[in-house]
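Chemist: Here's the feature list from TrEMBL:
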- 20-42: transmembrane segment (TRANSMEM)
- 57-74: transmembrane segment (TRANSMEM)
- 86-103: transmembrane segment (TRANSMEM)
- 154-173: transmembrane segment (TRANSMEM)
- 203-220: transmembrane segment (TRANSMEM)
- 232-254: transmembrane segment (TRANSMEM)
């Protein structure tokens, strides 16, 4: 059976997947983090507002490449993993990322019309004066598909696949529990991207539950005499550094009254793009007025 775990699987070892982790890091930074940046810096004449932007094409490439890399990562696991769950997760991932593509495309194009991400939909000057008022409901629906439904269907399967892969990253051989220099070099960019993913995607709850599940699994396997291999260590330490970066980010913006209003509640984690439209746009406007 695909989901069965063979006893001998536990004793297989897997070398550090430098190629896959490098491709993951590179495409995450270029195709995900770079999407809105490419849309902003490239001339508007090349990508009119009524056509897909450069960032949209980046997003399309991300929606194809990332599922492929996730499948290759699962294939390299030294442990037999539940294939049906992996395939369903990949399907959900593609659906969620595609929903997000549409909503995110429109929302980011609104920046050129004066939309401010640090404000809610109804508080934005370009939205609240729309007539008839039912149009505002349509924009709120778009925001829901982008920030809630799209993110949930995108990120839940993504973290689930990473966790499924993580369950196979244990070995009884202490020598295998070491990371090569390449892994240490990739850990910084990888952790920084996860910080962006968690803060911009507003998925701290999902991230922290995944991290706690990883910790519980590590402690459980340690009682059996098993330790993380180099790939498991890379993923686990990346999540730890991500948590530190999130704490620093929240601490830095803790007393920002405007962002506090945008993100009320117990869990206060501002989005980087909300910070950009609030502070960096103002800085750019001040420079241009000089």
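Even glycines carry a Cβ here, placed using N, Cα and C.
Looking at the shown structure, what environment does each listed feature sit in?
Modeler: Counting residues 6+ beyond its ends, the transmembrane segment (20-42) has Cβ neighbours under 8 Å at 53-56, 58-59, 61-62, 65-66, 69, 72-73, 76, 104, 108-109, 111, 182-183, 186, 189-190, 193, 196-197, 231, 234, 273 in the same chain.
Here the transmembrane segment (57-74) has long-range neighbours at 17, 20, 23-24, 27, 30-32, 34-35, 38, 81, 83, 86, 90, 93-94, 97-98, 100-101, 104-105, 158, 161, 164-165, meaning same-chain residues at least 6 beyond its ends whose C-beta is under 8 angstroms from one of its own.
Non-local neighbours of the transmembrane segment (154-173) in the same chain are 9-11, 13-14, 66, 70, 73-74, 77-79, 81-82, 85-86, 88-90, 92-93, 96-97, 99-100, 197, 201, 203, 206-207, 210, 213-214, 217, 221, 225-229, 231-232, 235-236; each lies 6+ residues outside the stretch with a CB under 8 Å from one of its CB atoms.
Long-range contacts of the transmembrane segment (203-220) within the same chain: residues 151, 155-156, 159, 162-163, 166-167, 194, 197, 228, 235-236, 239-240, 242-243, 246, 267, 269, each at least 6 residues beyond the stretch ends and with a Cβ under 8 Å from a Cβ of the stretch.
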Chemist: Which sequence-distant residues neighbour the transmembrane segment (232-254)? Criterion: at least 6 residues beyond either end, Cβ under 8 Å.
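Modeler: Contacts with the transmembrane segment (232-254): 16, 21, 162, 165-166, 169-170, 177-179, 183, 186-188, 190-192, 194-195, 198-199, 204, 207-208, 210-211, 214, 218, 268-270, 275.
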